[in-house]
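Chemist: For reference, TrEMBL lists these features for the protein:
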ACT_SITE  Y120  active site, proton donor/acceptor
ACT_SITE  K150  active site, schiff-base intermediate with substrate
BINDING   T29, V193  pyruvate binding site
Amino acid sequence: QINLPVIRQYVHYLVNEQNVKNVFVNGTTGEGLSLSIQERKQLAEEWMCQGKDKLDHVIIHVGALNLPECQELARHAAAIGAGGISVIAPFFFKPTNKDELVAFLQKVASEAPEVPFYYYHIPPLTGVKIRVEELLDGIKAQIPTFQGVKFSDTDLLDLAQCINKNETGEFEFLYGVDEQLLGALAVGANGAVGSTYNYLGRQTNLMLQAFAKPDLALAQKYQFLTGEFLNFVIKLGFGVAQTKAVMTFVSGIPMGPPRLPLVDASSEFIVKAKAKLDSIVWPDGD
């Protein structure tokens, strides 16, 4: 079951311990697609309530397998004052080309006509491989609220072409593959949404600062150490359940088990992952 009272503590931790001031609610790590519509609304409301005057942006993922539920969630997000909404491509009956995908996204975005809209591009999970570069052509005319893309794919060529097209800087490209963030920054990504920022947000912010200076060697050090941890846990089997377990032992906040069909992380995983993370010496001395 969802645990609403813990979100107040969660917000405090993100802001004060990890220097993370923006959240993406009901996404992949939050198991949004495993929750009922009512649960998703309750979570969105609680994040908006607890984040008031503490968080800069709350983007709510409103994607679902059917259009009416997406539209209902979009209307709800607008009503509670969300800073943005985001939608994945439907992944059972899939759009097969750009026009079909844009038509679907437009029908959702139009239900929240004042709210910035982000397309959530995650082909490894949806199987929808329509290139974002292609999607961008003329999209503002069809979706006036289109703000950018949560780009959760390893195709940096596609990302680079998107950024090359974005000459006026009107769109934001938020990168979603944490172990490749530095590569995405180098081609022009201007933000990130990812699971590791729950517990490595402070270190990632230091990497962003190093990149901005620019101190590429320092930025690389942070990226390589994040990658070292992820490479280790991926070999053990790393998914949403394991991410919850890591966040629980780092933050002390009980993230709880995942919902079936996902199963909880093993005690063996937790012991090994904790030992690995504790062994990493970050450039800031932590």
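Each residue, glycine too, has its Cβ placed from N, Cα and C.
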Chemist: Would you kindly give the Cα-Cα distance separating the residue listed as 'active site, schiff-base intermediate with substrate' and V193 (pyruvate binding site), rounded to the nearest Å?
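Modeler: A Cα-Cα distance of 7 Å.
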Chemist: So how many other Cβ atoms are close to Y120 (active site, proton donor/acceptor), meaning within 10 Å of its Cβ?
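Modeler: By my count, 26.
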Chemist: Can you give me the Cα-Cα distance between K150 (active site, schiff-base intermediate with substrate) and T29 (pyruvate binding site) in Å, rounded to a whole number?
Modeler: 14
Chemist: In whole Å, how far is T29 (pyruvate binding site) from Y120 (active site, proton donor/acceptor) when you measure between their Cα atoms?
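Modeler: About 13 Å separates the two Cα atoms.
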Chemist: 10 Å Cβ neighbour count around T29 (pyruvate binding site)?
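Modeler: Result for T29 (pyruvate binding site): 19 other Cβ atoms within 10 Å.
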